[in-house]
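As written in TrEMBL, here are the features:
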TRANSMEM  A:75-98  transmembrane segment
TRANSMEM  A:118-139  transmembrane segment
TRANSMEM  A:192-214  transmembrane segment
TRANSMEM  A:234-257  transmembrane segment
TRANSMEM  A:269-289  transmembrane segment
TRANSMEM  A:315-337  transmembrane segment
TRANSMEM  A:358-377  transmembrane segment
TRANSMEM  A:423-445  transmembrane segment
TRANSMEM  A:452-472  transmembrane segment
TRANSMEM  A:492-518  transmembrane segment
TRANSMEM  A:525-542  transmembrane segment
């Protein structure tokens, strides 16, 4: 260790020369962390010191070391994450509760004057929502929306770093509390998944201060392992996020797996289970400490009959409920996307809203809260109740419609809100379902942190209750044919409806488990599962899931799922979908080839016998090293000294120095061009280049099914197709996506999933057409080529290290007109900007040419 | 299509010559199934026919086509599988019930004479177990044991075809019914996982008769896709298997994922959920139809208090129960392995048992049933109750020990069996736990189809009950400090104990969900989950899971799990563990190189710049084509005609024909050797060879973590390590296994999981030491080399296409002495046999030299 320490000492001192030598030694000596060695060194120094309090200090250092090794353990991390997220969830709950209470308080206090009452009822949520939207917009626009689509994309392997920052965390938590405190039909669940993900990322960073595995490692390949670990922790965080909203550890874990992963590591299951249990436990025990509860029970305990949970003859009703929920779920996803599309496509609306950013949420809130004003229309839809209260009443095991007599309600119970002196319970429920349905779909489009799970869950419960009350009215003595009377319990239908509708919207079946854990009863397991499965089957054949729909709207890079049972997928091979004209360089190529490849565009591989793939930046570095400033200067200096030695001999100390210099300058210019040409013709030295020698290779006959599996398993972006080592093509996410969506014609046969045509007609105009995309791309390409040929400046910072296109120049106002937004974009600025990869993936970076000539990369996002 | 049809016609007629041409055309024309085209052809013929009932026939053919396309759908398959497995499970239940009833009946009828009673009580199970063992042994030895280890291995990617045959199915079902009917402490759950897997495989085969995707495809690469589909269906079948035993769809699915997969495809989750629900529904509805139940409820419904399920102050007791269960689970796994090891290692015992195969199960049964004889020792451990009955009584929500007065029991209830006039309930429960513990571990080693889940579950419940009764005795008024009295419910402890112990033995946390579904109550979710997590943490740090232990005992090829939180794993790179001296051939090598490589041994790759990997059989085929009989004959014939034409001219019709022929023969022999040498020096023509052009490649610095992930994701057997295209090493499962188990010293630092040393000391002598293995391997290698050098016959059939060793000759009796068994092995046979790969993986093939000189490959297995 002494030797090692001194080695490290030298390492930092004489970095340049010893770097290579050290790398080899490092490999042999195993990987030791800098900090550890530093600490070891300080310990040694202390031991050599032998001062008065040296022993004391040694002891503390040792303790510190032990603690740090403990902190490195996974389970400590998981417990910390679970506890902090549960606490946060509880605090957010309290914040929301206070907001909602004060609205109610105002409403009650102003009962004397209906107009003032209305004003208070409406202004309060408008202010909260506007604050939430403004605060989020200013602090971190990434905090807007649900968060699950982004987390899903990150888990897919795409790095979206700006989504996991401290700013986003603060914006999301405060924005969410305000948005939910307004009483709008918004959910807490999906934002909390994002918050838990943020929490995990920040906790990782925080714990890296103490060293251990959290520290960034120094070896280049190590980064990958760390990354995969981070992704594993992130997927655990998702389970924590769901778990601390519903206090449903198992359901939370399963929901997070289903909604967010394509492949799941079973070794991660244990972690998720552990963290979710800690979270749920902490979340519920906080309620006990707060004297809200006597002991730990379910969040929303029900009291359904256990010995005879349901009659077999009720099953058709449950099945119908499931199918209807499936249709409803598909409709919800479609409606939400149509609203977004409408606002985006209407140029006048868009322009107006672009100027007044906070107007849209304020208007939506105004509309929704006006309609739910309790003395007004709200009296017909139990608008007095908060979301949780209505869910509680819907799961009640009393039958509301026995004889239609409202006196049967307990006067103190919340269920009273559903009764109305004039209208029937059925009308109230129907109105509630219909109104909340479009309100939720609309509210979700507001630029505040919000989710849709909870509103959909409540709507499903109301719909289930409606069906249940209907059944109870039709069969007042139950449907059982034997002597014993088992009356129908509409509360069970509500639970089934909630699971089915939320399952249909999110395309998950785990909502069934969430319902069991939420209600604390599992005896009605079979109706719930049958309804959920039917709802999923219907919804999946009609529409993508809400999260996939949001991914498409936000144009995040994604890989669609392979449908089940489409066996045509097994017959498409990768050679049918790959791109055949791959740009490549060979090991013995010269710098001119490098130059040409870099100018021409997008791809990067080596040699026809595929030796490896190399990143674009690496090539740029090579080229700039060869033609760079230092070598250029050196050449000039050498040249100058050589000439001087020639010149200085014949004529010395002449008056013609000035003229000489001018000539020199011109000669140099010519000579530099000549030198450049020579340099370009030299063979490339790849020795110090980082070549990835084993990029993923496929064979021509690899089936689409297998390709999809490999891509999703390894989180690939692209893969090379080889035939006995010879490179013959390349496949990227885009090609795969096209093939799965069915737009690839395999030798004349257009392979499409069976129900795709139906889905397309519903989604036409919403999902960008692939053919159009390709045409756009082609246009851009031509634009770029003309740029290159006309010697327009192709700024080096634009050469983005992935296979994306660069084009420009753009004006700020043109960009904003297209619907892109970023704090850095304002119509007053005049500089030209360059856009990267726009149109191809909808994934964009803008370098801003500031006054100092520096560039900054920004991600801009569509409104 | 007409053209296509005729093409296929030609294809079958002139197979040899047109094969290559056809392959190219097939690729262009897309993959169409033979049968479909055939049917299309017949349809066409019919249409041309225009006979009387032609229309009728056309109609039927069309209907048939439609039905077939339906049959191809996944959901039809899943419903069929679910229904048939539920029916089978129900029938097996009935069979077991009849067996158990008749034993009870005999016992009751013979009450007058204790000796006769004992005889009947003991003989009946002995006969049943002996029949089960004998029947299974004769019909299919693969049906012996649990089945989960084999299914796990198959899901890992290793093909064990003999485990999925119809014979095994019949043997397993009948053997299981008899074994469980004997009343021994055996389980139904793991064998049913195997049975469901068998069912899925057979259903696949059966449905392939109707065409569709089930049909074997003709393209070489298609096989892979089909294989991955089969594996996906198999993993669904596991969920079905668990689901139809406990009627627990969610728990079944989760348990099957956790116990059997390393990575789980989320798209398969839906399928599993669907199939498991169908199964559970069918299984429970059969009970309703059979008038056992009024409606569908949980299998073993409990009636625990719901409003106040448990007090927070009871949590420490649950935690202690969990930790104790963890220790117990580890002990159970260890005990079971020690018993197997003891029998295997004791030469005298082994020899004796080898001769009398059925004696061992009979002896074990005799011992167990003697000890459980109700009037004897059985009275102290409720031996009158069957497994399910004791579980039912243990989950009872009455407290048994209130004042220790036995009168409190309801006289009609089954719980009466636990009371004893002289001894306390605590003694009864303790005796039950201790006795059943070793009995179950012992009974599991019998060669009958059996599982351990159910016995362990019951033992756990009894242990939990014991703790619960203790708590109830200590705190008769409950532990709550407030005014209200909530007495402690020992039944909850029983449920917690059952989940914890079964979770500890199988290393799963999903047993918690199984308990919820089994009891129909989820209100006690937190204590169950805490106990299960603690039990898992303890058990996982002490012992492998029961299934992994069985995998080790059976020496199946496996890949151990990466522990959690062992961050040293991130620092090991593949270059630390790979084999560096890889055998390779180049594209321009000659046949002699091929010959040498084949003789030398085990590996197969091409060229230093890795172009692809080629299977050993392919090389053999190439070599035999070059040196084969037909070419040899042709050469001789050519030679002969050439010589004849030379010879026939000078002297015709001489008397020296006989002598001439002899000379010819000798000349030919010499010449053939010469010809062979020439042939070997020719360059190899790889055109018709199936080279896999894209074997999985890793880089030197790929971390162990990543390597493990890639291996488990893609189910790899081996991977090549390359550096800029150059092949520098190879890593197989074995190396990876070693590295994970910690026996690889990375540059002087021995990297071991933290608790491995503790685990090793417990497992010493049980798991074959890797160093010893390597030494054995070396010895075998030397033996083989000497065989080769001394020109001993190295039979071509021994060149097995995987990287395994061949050695011999062996005698039958020697093999049997070593503990190998197969119907084909008998001590009376005298031929020499050759064994493949023995000692390396414990995975063995024996070619038998029959009288006709033919060889057969058999898998022999250790008893």
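Glycine is treated like the rest: Cβ placed from N, Cα and C.
Given the structure is predicted, the values throughout are model-derived calculations rather than measurements.
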Would you kindly check A:75-98, A:118-139, A:358-377, A:452-472, A:492-518 and say which stretch has the most C-beta pairs under 8 angstroms to the transmembrane segment (A:423-445)? A:452-472
Take the C-beta pairs under 8 A between the transmembrane segment (A:525-542) and each of A:75-98, A:269-289, A:492-518. Which stretch has the highest count? A:492-518
Between the transmembrane segment (A:315-337) and the transmembrane segment (A:492-518), are there three or more C-beta pairs closer than 8 Å, counting only pairs 6 or more apart along the chain? yes
Using a Cβ cut-off of under 8 Å, list the residues of the same chain at least 6 residues beyond the transmembrane segment (A:452-472) that approach it. 146, 185-190, 314, 317, 320-321, 324-325, 328-329, 332, 336, 387, 390-391, 394-395, 399-402, 425-426, 429-430, 432-433, 436-437, 440, 443-444, 487-502, 505-506, 511, 546
Sequence-remote partners of the transmembrane segment (A:358-377) [C-beta within less than 8 Å, at least six residues beyond its ends]: 107, 114, 117-118, 121-122, 125-126, 129-130, 132-134, 137, 182-185, 343, 352, 383-384, 435, 439, 442-443, 445-448
What else in the chain is close to the transmembrane segment (A:234-257), if you only count residues 6 or more beyond its ends and a Cβ gap under 8 Å? 78, 81-82, 85-86, 88-89, 151, 154-155, 188-189, 192-197, 199-201, 264, 268-269, 271-273, 275-277, 279-280, 282-284, 298-299, 506, 508, 510-518
